[in-house]
Amino acid sequence: APVASSLCVRYTHRAVVITGGLLAFSGMALGFLGLNMVWMYATTGFLQGLGISFSWTPAISIVSHYFSKKRALANAIASAGECAFAFTFGPFFQWLISQYGWKGALLIIGGIQLNICVCGILMRPLASSCLLEASHSEIETPRGSGASRIDEEDKPPITHKTFNWMLVRQPEFVLYAIFGILAAMSFFVPPLFLVPLSYSLGIDESWTASLLSILAMVDFAGRLLCGWYANLHVTKTVHLLTMTITLISTSLMLLPLANNYLSLAIFTGFYGFFFGTTVAVHITVLADVVGMPDFDSALGLFMLIRSTGGFVGPPLAGLIVDMAGDYRAGFYMAGATLVLSAGFLVTLDQLQQRKGRGSQTNTKPEKSTLPYPSLHLLKLQ
């Protein structure tokens, strides 16, 4: 992810996405040969994974650059495609394997991924001269005039020419990155243990498969509804994210109480819905934390740091499940980790509010000590 972001800063999002599509296709097409296990790791593992990262990171980044006032809604709609294709392509992949074997399925999936290049071509490059034009307008217009007061929402997207590695020194970014690690530790656990938990409850296999479908559908609805609500600007985005994280942790804590299919489906639906709301808004919060000039760099670093939680979370949950001898323990671990992550969001919000109050105090105009306004005008003259 940091490599993809740095390439976006140096070149264009379009070029990186097209490169990612070609890498993903190459990984699947070469995996079709299936020479040995090491070959599969290098092709369908490393090469295709690199291509997916080169495609996903710029695509998410450029949506935030394109939209300003409706950034939350745009990110929600863009991310909702994951749910739609996850719900549709699961059975489709199984059909491909049954009809063409796993090698033929890999080749066909690679051909589908080649369409990423088409999506990349449609991405309009960001204007590189916006920064120069904005600086000229500030020089030509006096600071005190109303014409110089440009609304931040109406400014064209501006790109930086260097990757900002110094973001790791900013307290706000560090707090949000720690939140990302803890959240990633939890998010991978429910899909991993949901099916085994249902089996332990004696639920039939045909009903168990529908739980993942329910998860995908309510996830889709949660992303769209949260994006729409965030676009109303009624609630601060970091407050909204803190609320959704708290609701997810509550759902995970209650999910182990289910003892039949109906109760398990209800709790799964709650978890999936609130998970969707979190995914819809967390990228928007990152943009608010670091600002759009450093967003490309922040996104790459955030994805790199957050991935450590994805590495640690599932094995840790598996260890806890083995020690407890019950799949419910994994859900309790995920819920507790999310509660801890919400604490870092609260700390981040407090830090931002404190800095906001400090900046307002520093920029507050000095009051005149003269008794009459007319004398104050004479003094200015």
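Cβ atoms are placed via backbone N, Cα and C, with glycine included.
Look at TrEMBL and you will find 1-353 tagged as domain 'Major facilitator superfamily (MFS) profile'.
Taken from TrEMBL, the feature transmembrane segment applies to 15-33 (among others).
Look at TrEMBL and you will find 39-60 (among others) tagged as transmembrane segment.
Residues annotated as transmembrane segment in TrEMBL: 72-93 (among others).
Annotated transmembrane segment per TrEMBL: 105-123 (among others), in sequence order. For the transmembrane segment (105-123), the residues of the chain that approach it from at least six positions outside its boundaries are 13-18, 20-22, 24-29, 31-32, 44, 48, 51, 55, 58-59, 62, 93, 96-97, judged by C-beta separation under 8 angstroms.
The feature transmembrane segment is assigned by TrEMBL to 173-195 (among others). For the transmembrane segment (173-195), same-chain residues at least 6 beyond its ends with a Cβ under 8 Å from one of its own Cβ atoms are 167, 208, 211-212, 215, 245, 248-249, 252, 255, 268, 271, 275, 278, 282, 285-286, 289-290, 298, 301-302, 305-310, 312-314, 316-317, 321, 327, 330-331, 333-335, 337-338, 340-342, 344-345, 347-348, 351.
Long-range Cβ contacts of the transmembrane segment (207-226) within its own chain (Cβ-Cβ under 8 Å, at least 6 residues beyond either end) map to 72, 76-77, 79-80, 83-84, 86-87, 90, 191, 194-195, 198-199, 240, 244, 261, 264-265, 268-281. Taken from TrEMBL, the feature transmembrane segment covers 207-226 (among others).
The feature transmembrane segment is assigned by TrEMBL to 238-258 (among others).
Annotated transmembrane segment per TrEMBL: 264-286 (among others), in sequence order.
Only residues 6 or more beyond the boundaries of the transmembrane segment (298-317), in the same chain, are considered here, and those with a CB under 8 A from a CB of the stretch are 1-6, 53, 57, 60-61, 163-165, 167-168, 173, 176-177, 180-189, 192-193, 283, 286, 289-290, 329-330, 333-334, 337. Look at TrEMBL and you will find 298-317 (among others) tagged as transmembrane segment.
Tertiary neighbourhood of the transmembrane segment (329-348): same-chain residues 172, 175-176, 178-179, 182-183, 185-187, 189-190, 192-193, 197, 238, 241-242, 245-246, 248-253, 255-256, 289, 313, 316-318, 320-321, 323, selected by CB-CB distance under 8 Å and a gap of 6+ residues from either end. Here TrEMBL flags 329-348 (among others) as transmembrane segment.
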Using a Cβ cut-off of under 8 Å, list the residues of the same chain at least 6 residues beyond the transmembrane segment (15-33) that approach it.
4, 7-8, 39-40, 43-59, 103-104, 106-107, 109-111, 113-121, 123
Which listed range (39-60, 72-93, 264-286) shows the maximal number of Cβ pairs under 8 Å with respect to the transmembrane segment (238-258)?
264-286
Could you pull the average pLDDT for the domain 'Major facilitator superfamily (MFS) profile' (1-353)?
84
